[in-house]
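Quick look at what Swiss-Prot lists:
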DISULFID  30-79  disulfide bond
DISULFID  40-64  disulfide bond
DISULFID  49-73  disulfide bond
DISULFID  53-75  disulfide bond
SIGNAL    1-27  signal peptide
């Protein structure tokens with residue numbers, strides 16, 4: 001009976017640790033820089049922005065964002 005309680009407690013601890021760590025790993029992204037100018041104003045600019053950032057580093061992604069009334073391609077990746 002004691003062995004069953006220990007095994008059950010160990011299983012619960014593993015589930016707790018795994019479920020607690022996953023959202024943090026996915027949510028942590030940091031600004032890595034800007035891609036080529038004028039990318040976001042073109043047709044399918046957001047796709048091109050994403051491709052340019054991924055070409056720099058495969059773990060990065062790109063997003064077109066407005067900054068100082070201009071649209072820029074910003075690259076983000078893991079911190």
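Quick reminder: no glycine exception, Cβ is built from N, Cα and C everywhere.
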I need the CA-to-CA distance for residue 30 (disulfide bond) versus residue 53 (disulfide bond), whole Å please. 13
When the Cα of residue 79 (disulfide bond) is compared with the Cα of each of the disulfide-bonded residues 40, 49, 53, 64, 73, which one is closest? 53
If you run the three-state DSSP split on residue 40 (disulfide bond), which class comes out? coil
Would you identify the secondary structure of residue 30 (disulfide bond) according to DSSP, in three states? strand
Reduced DSSP state (H/G/I helix, E/B strand, rest coil) at residue 79 (disulfide bond) is coil
State the Cα to Cα distance, in Å, between residue 40 (disulfide bond) and residue 73 (disulfide bond), rounded to an integer. 6
